[in-house]
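> The S-adenosyl-L-methionine binding site feature in Swiss-Prot is assigned to L9, D87, I90, S115, I116, L166, L205, H230; the stated evidence is sequence analysis.
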Amino acid sequence: MLYFIGLGLSIKHLTLEAIDALRDVEKIYVDTYTNIVPDFSLDKLVSLVGEEKEFVMAKREFLEGKNIHFIVEEASKKNIAILVPGDPFIATTHDAIRVEALRRGIKVKVINGLSIYSLAPSRTGLQAYKFGKTVTLVYPEYFKPYSTIETIYDNLDRNLHTLLLLDLKIEENKAMTIPEAVDILIDLDERGVLENIIGVGLAQLGSSMEKIVADRLADLKNYTYPPPPHSIIIVAKPHPIELDNLHYVCGLPEHIYRRYSVSKTYP
């Protein structure tokens, strides 16, 4: 049997169902390349699920390409788990393994975990149904990511917030920070609207070092944050309740809160 198990954004997010399954399997592949879980360590995992099994700290090459068939073959003979940061199939990274296992007639069980998609609206008080398409901002090494800006513009035109995931290149030990992202966004902003729009900086969301800051997007770079993972929410025109949450929950400065409490225009 093959388990796909969500780790959440902290090792403390593992559910009882997840821990029970991890205790029962013979081998655990720990996905180490799709996200950073700040408080995760193999020692902590072993203390929760026991050491009488094989642990593999899996880089990209372990879980993609030709190795998919190896993992599926293993799962045909014994119980295997792939432990994934966040929720296993919010992104499509491991879909090929699931499809191949099912094609071979191998049982697959998914145990869900907490994801930034649920935590971001919950922690900030922004309404989940007012989020548009999520997009990733990558480092502009070979090209400028104008498609990211176009997605943000499309969402704003429909009065929808944008959850902006920031580039992670874990195997290169490189992770984009909120200040870096702000500089890139303002450089790409041909409309000149993003600088003064409300942004929410999310650092280590869901961990004990979590930091959430709301301010003008341009001013998010002036705060100190714990190390990545970082994300940003580009806020469309907020509902009055959302505006209250941005102020009282996320620390939106008083002068911005008061301005948009009475203003009919945004930003």
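For all residues, glycine too, the Cβ spot is worked out from N, Cα and C.
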> Sequence gap of 6 or more, C-beta under 8 Å: which same-chain residues meet both conditions with respect to I116 (S-adenosyl-L-methionine binding site)?
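L9, G86, L163, L165, L202, L205, G206, S231 - these are the non-local Cβ neighbours of I116 (S-adenosyl-L-methionine binding site), listed in sequence order.
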> Should D87 (S-adenosyl-L-methionine binding site) be counted as helix, strand, or coil on the basis of DSSP?
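Note: D87 (S-adenosyl-L-methionine binding site) is coil by DSSP, not helix or strand.
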> Quick check on the binding-site residues: of L9, I90, L166, L205, whose CB has the lowest count of neighbouring CB atoms inside 10 Å?
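Counting other Cβ atoms within 10 Å of each of the binding-site residues L9, I90, L166, L205, the minimum falls on I90.
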> According to DSSP, which kind of secondary structure is L166 (S-adenosyl-L-methionine binding site) found in, if we only use helix, strand and coil?
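In three-state terms, L166 (S-adenosyl-L-methionine binding site) counts as strand.
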> Write out the long-range same-chain contacts of S115 (S-adenosyl-L-methionine binding site), meaning residues 6 or more apart in sequence whose Cβ is under 8 Å from its Cβ.
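G6, G8, L9, G86, D87, I90 - these are the non-local Cβ neighbours of S115 (S-adenosyl-L-methionine binding site), listed in sequence order.
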> Inside 10 Å of the Cβ of D87 (S-adenosyl-L-methionine binding site), count up the other Cβ atoms and send me the figure.
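By my count, 22.
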> According to DSSP, which of helix, strand or coil covers I116 (S-adenosyl-L-methionine binding site)?
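Going by the DSSP assignment, I116 (S-adenosyl-L-methionine binding site) falls within a helical segment, counted as helix.
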> State, in Å as a whole number, the widest CA to CA span among the S-adenosyl-L-methionine-binding residues L9, D87, I90, S115, I116, L166, L205, H230 given in the record.
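Roughly 18 Å, rounded to the nearest whole number.
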> Enumerate same-chain residues with a sequence separation of six or more from H230 (S-adenosyl-L-methionine binding site) and a Cβ-Cβ distance below 8 A; give 'none' if the list is empty.
L166, A175, M176, T177, I178, A181, G201, L202, A203, Q204
